[in-house]
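Asker: Please find one structure pasted underneath; my questions will follow.
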Amino acid sequence: MTNEEVIFQIILHAGNARGEAYDALKAAKEKDFEKAQKHLEEAEKEAGIAHRAQTEIIQGEINGKKVEMSLLFVHAQDHLMTAIAEKGLIENMMDLYKRVDQLEENK
């Protein structure tokens, strides 16, 4: 794959990860924690694919394959970093939703 193709893979899968994470949050808000967990697992899978694509570019550069810094590459990096950060925050928010649900049940 060319670097440009790998960059598009990062953007695609990071975007998918972010979308799945927000679907997990929505499900948790609706107290469907099983569905939320499935979305979170899919988000993790998609983020992993994007991260492996990123690693491919990094390893290529280590092995002498020149990587041109482009706006597209920066955009891909931004997509991945944002998706991973938001997924982490959403995991914490889901824990809060679970805790609130437990407290409401114990009233």
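One-based numbering along the chain as shown.
Any Cβ shown, glycine's included, is placed from N, Cα and C.
Reproduced below are the annotations present in TrEMBL:
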type     : residues : note
ACT_SITE : HIS75    : active site, tele-phosphohistidine intermediate
BINDING  : ASP78    : Mg(2+) binding site
COILED   : 26-53    : coiled coil
MOD_RES  : HIS75    : phosphohistidine
Asker: So for the residue listed as 'active site, tele-phosphohistidine intermediate', how many other CB atoms are inside 10 Å of its CB?
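Answerer: Total other Cβ atoms inside 10 Å, all chains included: 14.
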Asker: Note down the number of other Cβ atoms within 10 Å of the Cβ of ASP78 (Mg(2+) binding site), including every protein chain shown.
Answerer: 13
